[in-house]
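Undergrad: Sending over a structure as structure tokens; questions will come in a sec.
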Amino acid sequence: MTYWLEIFCGIGAIQSILFILLILAKKNKRLSDWNLILWFLIFFTHLVLAIVKEKYPINALEILTMTIGFLHGPFFYYYAKTIFNQHPSKFDILHFLPFLVFTISGFYIKPNQELSLEIIVLIAKLASRIIYPLYVLFSLNAKLKFLKSKRADHSILELSWLKNIAILFLISSGIAMLRLTTELLVGVAYFELLDMLLYVSLFTIIGFFGLKYGIVYTPEISLSAFPEEKKYKHSPLKNDEINIFQNKINSFFKESTMYLHSDFSLTTLSKSLNIPKHHLSQIINSDMGTTFYDLINTKRIEYAMHRIRKGNNKQLTFEGLGYECGFNSKSTFFHHFKKHTGKTPGQFVKGISSD
């Protein structure tokens, strides 16, 4: 292994640990977060194996370094399923079959067949890195058609995050395919440095997008940390106008259930109250001390709590209740319910029953 390859692999391994620590620092971690941690652990293991196998050229390390790439597609698939709120089936274990087959085959291959196995593994891994992202993109289409750009739901960020990962996989696979084709035409030569550079770059960009969308880590920031009064320092609104508009907002949420629509947005509220959006933003952010996103989801959770207390949800599952309250997924509903009440819906029901 070259000096630069060790450097890049070391940087990637350190980054993987940092991303894992950032996810562990999140509050109210969901199943998708734990799946992401496992996936980053695979990245870390892959990079460490690449370094260690050069220091200690053991056959087992050589084989594992060659085949561990088969795990990325399945882990991406499992991560996507948890975002889509799809339950794993007993057949999902079959996704690990290529990894097991090629790993076991590596121990029984003859020396004169090693090059052929290496080429087959490379082609199979490329196929895996194309099939899984395409499947995720195909599954995303139906979801993304339903979402609108200003909806009060965190799921659009998660879906955008998945889409970016899938596209990155396809781009990296395309580059790797061109490289492999060129090498096969001019003579097979497995350029490990180029492969690892591509691998570390892909992993780094995935982590960057995760931080950007708040999927890897969402810091708890107090609203008081931002001087909203300076932002609206030159606002034309007078105090009496602010009070009138604020009363209109409060009355709207008492008298209307439009906020339970999944596509409810600031634009919808603005048209309903006949108040300009920028004035609404000022009142909600500065005078009510919250954000439109948090306000809507708080009202939705309050409605869900009311339904549970009244016993009107007995014909519904918690997932169904979440959809009726305007949330696009069970995980999003559970996340905001626990954020607002400190309990899951199930724990909340048990608490009422015991009273």
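Each Cβ is built from the backbone N, Cα and C atoms, and glycine gets one as well.
In case it helps, TrEMBL gives these features for our protein:
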type	residues	note
DOMAIN	247-351	domain 'HTH araC/xylS-type'
TRANSMEM	6-24	transmembrane segment
TRANSMEM	36-52	transmembrane segment
TRANSMEM	58-79	transmembrane segment
TRANSMEM	91-109	transmembrane segment
TRANSMEM	115-140	transmembrane segment
TRANSMEM	161-182	transmembrane segment
TRANSMEM	188-211	transmembrane segment
Undergrad: Counting Cβ pairs closer than 8 Å, which of 6-24, 91-109, 161-182 has the most of them with the transmembrane segment (36-52)?
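TA: Answer is 6-24, with the largest number of Cβ pairs below 8 Å.
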Undergrad: Please tell me whether the transmembrane segment (58-79) and the transmembrane segment (91-109) touch - that is, whether there are at least 3 C-beta pairs under 8 Å between them, with each pair 6 or more apart in sequence.
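TA: Between the transmembrane segment (91-109) and the transmembrane segment (58-79), which are separate recorded stretches, there is contact, as judged by 3 or more close Cβ pairs.
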Undergrad: Could you tell me the mean pLDDT the prediction assigns to the domain 'HTH araC/xylS-type' (247-351)?
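TA: Result for the domain 'HTH araC/xylS-type' (247-351): average pLDDT 86.
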Undergrad: May I ask for the residues of the chain that lie six or more residues beyond the transmembrane segment (115-140) and have a Cβ under 8 Å from a Cβ within it?
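TA: For the transmembrane segment (115-140), the far contacts come to 66-67, 69-70, 72-74, 76-77, 80, 84, 98, 102, 105-106, 109, 159, 162-163, 165-167, 169-170, 172-173, 176-177, 180, 184, 188, 190.
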Undergrad: Tell me the residue counts in helix, strand and coil for the domain 'HTH araC/xylS-type' (247-351), as DSSP assigns them.
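TA: Final tally across the stretch: 76 helix, 0 strand, 29 coil.
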